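Over in TrEMBL, the protein carries these features:
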ACT_SITE  Lys13  active site, charge relay system
ACT_SITE  Thr66  active site, charge relay system
ACT_SITE  His269  active site, charge relay system
BINDING   Thr66, Asp67, Phe168, Arg185, Val240, Gln241, Asn267  urate binding site
BINDING   Thr66, Asn267  O2 binding site
BINDING   Thr66, Asp67, Phe168, Arg185, Val240, Gln241, Asn267  5-hydroxyisourate binding site
Amino acid sequence: MAEGFKIDQKHGKGRVRVSRVWRRVGGSGAGVGVGDVIVEWNVSVSLASDCLPAYTAGDNSSIVATDSIKNTVYAKAKECSEVVSMENFAILLARHFTTFYPQVTAATVNIVEKPWERVVVDGRPHSHGFKLGSEKHTTEVTVNKCGALSITSGIQGLALLKTTKSGFEGFVSDRYTLLPDTRERMVATEVTASWRYCFEHVSEIPAKPFCFTERYEGAKKVLADTFFGPPDVGVYSPSVQNTLFLMAKAVLNRFLDVASIQLKMPNLHFLPVNLASKENPDMVKFADDVYMPTDEPHGTIEATISRTMSKM
């Protein structure tokens, strides 16, 4: 309280871009016999701290300068002599801010990773060559003074498409309905996924390094495999809603350290094309072959699936 008002405040630094290279890393961690490993992260830090006098009296003596926050990101990246996942880096940063500064009560760190992928040349992974991928790995970590922890990781921009084995029928039909029932259509989406880990305190992070990067790759594979189905016959999707649920359920069943998962799956449409004129009535007669791709407007489908007694 200050002068009869309640103030909820936080401050930090956003869009701190940092890249870290580990040279000549050997073993399975690099995915290559001997080679460089690179990450590029967009880091945002938000601090909850006891600095009310800065707001009410212009007293800045308890503020951690946002420039210092930015510099800390680079300093901590330098200190990471071994390859580290961005979740572990976010935990390291958040713990630093809550332990180094007495006035900081909690720290939230958000990171988005740019997807640099090792190239393969003549069937062999290149030791220092990378190309830019598509979907992005994300995380949000919050640590408070007592060590309470929340870790959410996810995927942005996972584009998936099936040319068949999708339909939509039996939906509400009224005077506004023009869409016909169908058991044959294309289905495409760009998945945004976020899953919350079960760890609730920094002491619960396994002593043996828990590979968040491997878990990310595993979750991405489970989501895609469930969407597509077996490679020879696929799997029929009666709706994006049903496919979303099956994808989320597969992640929860496969990874017991995931407490809940949220999926957002916009329905990106491929509209059948029929073109005709008086002179040419069959200019384009649709036969499951020519479509007009469009993402405006698009359907929006999202849901959160949790284990019993889980919270997200």
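Cβ atoms here come from the backbone N, Cα and C positions, even for glycine.
TrEMBL annotations: computationally assigned, not manually curated.
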Checklist entry - In sequence order, which same-chain residues at least six apart have a C-beta under 8 angstroms from Thr66 (active site, charge relay system)? => result His11, Gly12, Lys13
Next on the checklist: What are the sequence-distant neighbours of Arg185 (urate binding site), meaning same chain, six or more residues apart, C-beta distance under 8 angstroms?
Outcome noted: Ser166, Gly167, Phe168, Phe270
Item to check | Intrachain C-beta neighbours of Val240 (urate binding site), sequence separation six or more, cut-off 8 angstroms | outcome: Val187, Thr189, Met265, Asn267, Gly299, Ile301
Item to check | Cα-Cα distance, maximum over Thr66, Asp67, Phe168, Arg185, Val240, Gln241, Asn267, record's urate binders, Å | outcome: 53
